Amino acid sequence: MNTDREARATVDCSFCGLPTHNDAVDVAQVYCCTGCRFAATVTAADGDEGQARWTMTRLGIAVFFAMNVMVFTMLLWSQDRVAADELSRLWYGVARFACLLFTLPVLFLLGGTLVEDAYLELRRGRPSLSLLLLLGVIGSLLYSVHSLLVTDGHVYFEVAAIILVAVTLGRWFEATGKLQTTAALRGLAKLLPAEVRKMLGSETEIAPADQLQVGEHFKVLPGERIAADGVIVQFAAAVDEQVITGESMPVEKQVGDAVQSGSLVLDGPLVIEARAVPGEGMLARMIQAVEQAAASKCRYQRVADSISSWFLLAVTITAISTFAAHCYWRGVAEGILAALSVVVIACPCALGLATPMALWAAIGRAAQAGVMIREGDALSILASAPSCCFDKTGTLTTGQPTVIRFDHAHEYDEQTLLCMIQALSSASNHPLAMALGNYAQLRCASAMLRDTSPDASWSEIEVIPGCGIRARSSSTGDIAYLGNLAWLKREGLRAFTEFQLDLTCHDQCAETYFACEGAIVARVLFQEDLRPEAHIAVEELKQLGMSIDMLTGDREERAARLASDLAISYQSQLMPHQKLEVVTQKQQKSSVIMVGDGVNDAPALAAADVSISLGCGTDISRNAASICLLQSDLRRIGWLVKLSRETVSVIRWNLFWAFGYNAAGIALAAAGLLHPIIAAVAMGISSFLVVGNSLRLAHFPLELDGSPATSGDDPSDAPRQHIATDHNEAQLIA
């Protein structure tokens with residue numbers, strides 16, 4: 001195990017992937033429990049196939065001998081109920097010795113794992129129930145041997161044999177269930193190819209993926225996955241990025257487009273320039289973010305841990321008290337059986353697995369849907385939060401303004417003005433300037449091709465933040481302005497008398513003015529459109545019982561128009577620190593969810609109980625939101641609330657079962673009403689029920705309202721489904 005892993009507070013189990021304590025590092029492989037250690041050996045997950053075959057053979061032989069012990073035990077039970085003659089007494093003695101002989105192989109074949117587990121826990125100064133279970137098995141064995149050789153009393157060899165088999169199989173099934181819970185994330189990790197085709201001039205060379213360096217070119221053929229984040233430098237192809245965004249449609253990628261590691265090339269080869277080494281790309285950051293969430297503990301887990309810390313002590317005291325009481329009233333044999341039943345029936349696994357199993361299944365399912373949950377407590381808070389606050393620009397709206405009106409003085413030709421404005425707006429990356437440039441280019445494309453006048457040629461272009469663009473005409477020397485009205489007035493510009501500004505749309509729209517030759521000659525009105533799915537998403541959240549608020553720094557009139565369209569409450573003209581104050585005030589009453597793009601709402605996102613950021617795919621490592629939506633689809637928020645509520649429901653059921661099972665089971669065992677064999681079977685069933693109930697979350701529907709169903713299969717099994725976030729939109733949001 002590398003030193004970096006050893007230095008961490010927790011490490012991942014080598015079999016199931018669940019986080020475990022760092023003090024478990026004592027061998028080359030790290031396991032969170034005995035079941036995972038045994039299951040890893042059985043399935044050759046530890047890399048030793050010969051050992052795996054021997055372990056399976058050993059388990060099969062142990063089961064065979066244990067069944068024979070039960071056969072002879074039933075013969076003993078029948079002999080106790082019939083008149084004994086000389087032959088019966090002979091067979092009775094043979095059966096007793098046969099039970100011992102068939103029990104010994106079971107002890108040697110399966111007892112080693114229990115001894116190893118008890119020894120490791122004892123060496124760490126943290127005794128577990130494995131130690132008590134081992135003592136109980138040894139106690140029943142020694143008592144039976146004493147009865148066989150000395151007192152001619154009852155023997156209980158079947159207890160030792162069957163308990164070892166039942167506990168071993170139960171832990172194996174439990175570990176297998178844990179493995180299925182983490183299947184989604186392990187499937188993501190396996191999507192990165194081990195080899196790449198590095199470009200050497202016009203030739204390719206197959207090399208290990210970890211040898212690829214930033215700046216090197218590599219080739220990806222159809223049907224192969226991309227090994228590292230990069231930019232396409234040659235060819236074009238349809239790329240499936242379902243593992244990144246969780247959507248189903250492929251996207252066409254051209255030269256210059258960015259691609260992410262783990263994506264599947266569907267048709268045509270691609271030559272890509274690596275922008276990150278394998279293991280540090282988008283997919284690796286996704287997995288790291290989810291692992292961090294899984295390693296953190298939610299409030300339900302903290303409650304379970306606080307109880308589990310006293311569980312062993314309580315079981316030990318109960319077992320000792322039970323042994324003493326039954327020895328006094330019913331004899332040593334009954335005392336051993338009752339105490340052993342208490343130890344066997346006690347199931348800390350069910351209590352310890354109740355929360356993490358559900359969280360891991362939910363986090364893995366969310367990752368398949370393109371949702372990165374970075375904090376384990378986010379789901380439990382999200383399930384009960386009654387209030388959700390949305391930022392406006394880039395969250396409820398597209399973040400891409402569109403031109404809805406162009407007014408100009410009649411003395412100027414519209415095509416000429418648009419050509420001049422298009423040339424001037426290209427100097428700025430401001431969203432309004434970009435929208436205006438696109439509008440002008442579409443409206444006067446043919447005129448621009450014919451234009452040979454110096455009107456569209458500018459020099460001394462100056463971008464003034466918060467105001468606009470100023471430039472000088474290359475031909476006439478006149479100064480032109482493109483910006484807000486207040487700035488133009490400060491520059492002493494006036495409007496043509498016949499150019500009357502119609503203020504009908506002014507209050508609800510953004511505007512930009514163009515001035516040349518000393519006068520304001522044109523005005524452009526912009527409108528920011530709601531996202532296509534905004535109405536569906538908001539309505540779904542309302543149906544889930546949540547109150548929706550829009551927090552924006554925009555004008556009152558614009559905010560009112562959008563809020564009225566969505567039928568939600570709003571607060572306008574808020575600075576970033578004022579959004580923070582609103583969230584803080586709401587938190588005095590209840591938990592608050594904040595949804596934004598992380599630009600001017602970062603303080604509010606950081607303060608909210610649960611923060612959800614949109615379009616953070618390529619910025620996931622720097623984004624501080626507790627939940628990141630890799631694709632900017634607001635409908636996924638309602639889906640996430642449903643998933644969180646289902647997760648909390650599963651956790652509560654698991655905890656209820658774990659508490660109820662242990663309380664009832666220990667009470668019955670202490671009263672002497674449970675045979676140790678029945679207790680062992682019940683213990684295995686208890687863990688199986690908790691794991692099985694949690695696995696339901698791994699099949700939570702992925703489809704969204706108003707969209708086609710998305711396959712719920714593992715991404716490695718269904719690699720040809722995908723959608724990508726709009727590139728231009730991602731740039732504006734970022």
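Cβ atoms are placed via backbone N, Cα and C, with glycine included.
What TrEMBL says about a protein is an automatic prediction, not a curated fact.
According to TrEMBL, the protein has these features:
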TRANSMEM  59-78  transmembrane segment
TRANSMEM  90-110  transmembrane segment
TRANSMEM  131-149  transmembrane segment
TRANSMEM  155-173  transmembrane segment
DOMAIN    191-291  domain 'P-type ATPase A'
TRANSMEM  307-329  transmembrane segment
TRANSMEM  335-363  transmembrane segment
TRANSMEM  650-671  transmembrane segment
Among 59-78, 90-110, 307-329, 650-671, stretch most in contact with the transmembrane segment (335-363) (C-beta, under 8 angstroms): 650-671
Overall pLDDT of the domain 'P-type ATPase A' (191-291), taken as the mean: 82
For the domain 'P-type ATPase A' (191-291), residues assigned helix / strand / coil by DSSP: 17 helix, 38 strand, 46 coil
